[in-house]
Amino acid sequence: MSPETVAVIGFVSLFALMLLRVPVGMAMGLVGITGFGYLTGLAPALKLIGQTTMRTVTDYSFGVIPMFLLMGAFVSVSGISRELFRAANTFVGHWKGGLGIATIAACGGFAAISGSSVATAATFSAVAYPEMRRFGYPQSFSTGVIAVGGTLGAMLPPSTVLAVYGIITQQDIGKLFIAGVVPGLLAILMHMITIGIIGVTRPGFLPAGKKASWHERFVALRDVWSPLLLFLFVIGGLYGGFFIPTEAGAVGAVGAFIIGILRGKLTRDGILQSLLQATRTAAAVFTVLIGALCFGYFLTITQTPQNVTAFLTGLGIGPYGVLALILLMYLVLGCLMDAMAMVILTVPIVFPVVTALGFDPIWFGIIIVMTVELGLIHPPVGMNVFVIKSVIKDVNMSTIFVGVLPFVITDLIRLVILILFPLLATWLPQRMIG
């Protein structure tokens with residue numbers, strides 16, 4: 001068989017294994033090694049899996065993933081989410097839709113120090129949902145706000161998805177993190193505006209809460225200054241060239257540990273829970289990475305990236321026409337696949353196309369993560385929706401999907417803005433020191 005035929009069989013086999021619910025890392029590794037072995041022989045295939053595994057788990061630059069995961073685990077266990085929500089609520093809770101705006105603000109703050117969409121959605125399902133329901137917010141709106149607030153973890157640094165994109169494409173992870181700041185803040189602002197519009201145009205739909213005194217506001221701020229200072233220290237160190245990403249992750253993990261201890265929120269059991277949580281997540285991510293790298297070698301020897309590049313660039317529809325096709329593919333795949341799996345599976349194929357068309361790889365990473373964010377909340381997969389359903393037992397999946405609809409429209413508008421104005425993503429990284 002020709003290499004092209006083997007590649008097609010490989011993709012069919014991969015999707016078949018995924019439909020059979022084989023873990024995506026295992027499926028990619030199995031197909032990659034089998035296809036590589038068929039084309040090159042058994043000995044090179046066995047050598048490939050051994051070398052790929054060792055290189056991945058011992059590469060210093062890959063340490064950025066477990067370090068930031070540990071930082072996020074310490075933050076989650078320390079109970080900072082409740083204090084972030086309370087602080088935001090004291091300032092905007094008395095507005096129409098104020099509890100929703102406070103939830104978005106708190107999700108943004110939590111995502112910026114945890115880097116996890118799923119953790120953000122799960123945490124605020126327990127923290128913000130009861131409060132919104134207590135004030136009479138509809139179930140669909142309450143869960144929709146939490147679902148979209150969770151997506152901020154995919155964009156705001158330290159985003160695990162951005163780190164994995166950087167590893168696959170060999171782009172500077174620090175620049176990717178910094179590139180996510182402005183689009184992430186834009187997401188927070190646009191979601192807040194969306195909530196405000198809903199509150200104003202539908203009187204009584206989103207009741208206003210109680211107005212807090214300035215004393216209550218200052219007390220609430222006192223409880224959240226330390227994690228926000230940690231975020232500024234870590235990201236500022238990256239931007240100023242004082243840390244490389246792995247070092248920034250280590251500093252963040254140690255800082256989160258110290259803050260948790262000093263606040264009396266990080267007990268012995270909490271420390272063990274954080275270590276186990278970070279280890280499990282890191283192991284899952286590295287398993288997928290190893291499988292993806294093996295699958296990538298298989299794609300390389302079948303010349304799949306070159307063939308896809310030649311096909312798309314030969315369509316005669318221009319760079320932005322090709323980009324539109326790629327983004328449409330991501331939106332469709334987002335209906336069917338987990339976000340991380342989607343990035344790891346597709347980026348090795350589409351990245352050569354993007355570079356051949358002259359697009360900035362840092363900007364493209366941000367665009368990809370934005371489409372991944374949409375995949376986290378739209379049906380039928382919507383990982384954040386499943387997470388919320390697992391925490392809030394009395395809500396239907398359809399109810400959550402109805403609640404996220406206005407925010408899906410907002411995210412699509414934001415995607416268009418980032419395509420039209422790429423400097424929103426590239427201006428800060430271009431001015432990094434070091």
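Backbone N, Cα and C define each Cβ position, glycine as well.
Annotation source TrEMBL lists domain 'TRAP C4-dicarboxylate transport system permease DctM subunit' at 11-423.
The transmembrane segment annotation in TrEMBL covers 6-39 (among others).
What TrEMBL lists as transmembrane segment is 60-81 (among others).
Among residues of the same chain six or more beyond the transmembrane segment (101-129), those with a C-beta under 8 A of the stretch's C-beta atoms are 68-69, 71-72, 75-76, 80-82, 84-85, 87-89, 91-93, 95, 142-143, 145-160, 184-185, 188, 191-192, 195-196, 224, 227-228, 230-231, 252, 256, 281, 339, 373, 376, 383-384, 387-388, 390-392. Annotation comment: TrEMBL describes 101-129 (among others) as transmembrane segment.
Per TrEMBL, transmembrane segment is recorded for 141-168 (among others).
The feature transmembrane segment is assigned by TrEMBL to 174-198 (among others).
The transmembrane segment annotation in TrEMBL covers 248-266 (among others).
The feature transmembrane segment is assigned by TrEMBL to 278-299 (among others).
Per TrEMBL, the feature transmembrane segment maps to 311-332 (among others).
Summarising the annotation, TrEMBL assigns transmembrane segment to 339-357 (among others).
Residues or ranges marked as transmembrane segment by TrEMBL: 363-388 (among others).
Taken from TrEMBL, the feature transmembrane segment applies to 400-425 (among others). For the transmembrane segment (400-425), the residues of the chain that approach it from at least six positions outside its boundaries are 138-145, 147-148, 151, 179-180, 182-183, 186-187, 190-191, 194, 198, 320, 323, 327, 360, 362-363, 366-367, 370-371, 373-374, 377-379, 382, 385, 388-389, judged by C-beta separation under 8 angstroms.
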Same-chain residues at least 6 beyond the ends of the transmembrane segment (248-266) whose Cβ lies under 8 Å from its Cβ atoms: 63-68, 70-72, 74-75, 77-80, 113, 158, 174, 226-227, 230, 233-235, 237-238, 274
Stretch among 60-81, 174-198, 311-332, 363-388 sharing the most Cβ pairs under 8 Å with the transmembrane segment (141-168): 363-388
Stretch among 311-332, 339-357, 363-388 sharing the most Cβ pairs under 8 Å with the transmembrane segment (174-198): 363-388
For the transmembrane segment (363-388), distant same-chain residues with Cβ under 8 A (at least six beyond the ends): 117-118, 121-122, 125, 143, 146-148, 150-151, 154-155, 159, 161-162, 165-166, 169, 171, 176, 179-180, 183, 187, 327, 330-331, 333-339, 342-343, 347, 351, 354, 395, 397, 400-401, 404, 407-408, 411-412, 414-415, 418-419, 422, 425-426
Contacting positions for the transmembrane segment (311-332) when only residues 6+ beyond its ends and CB under 8 Å are counted: 342, 346, 350, 353-354, 356-359, 367-368, 371-372, 374-375, 415, 419
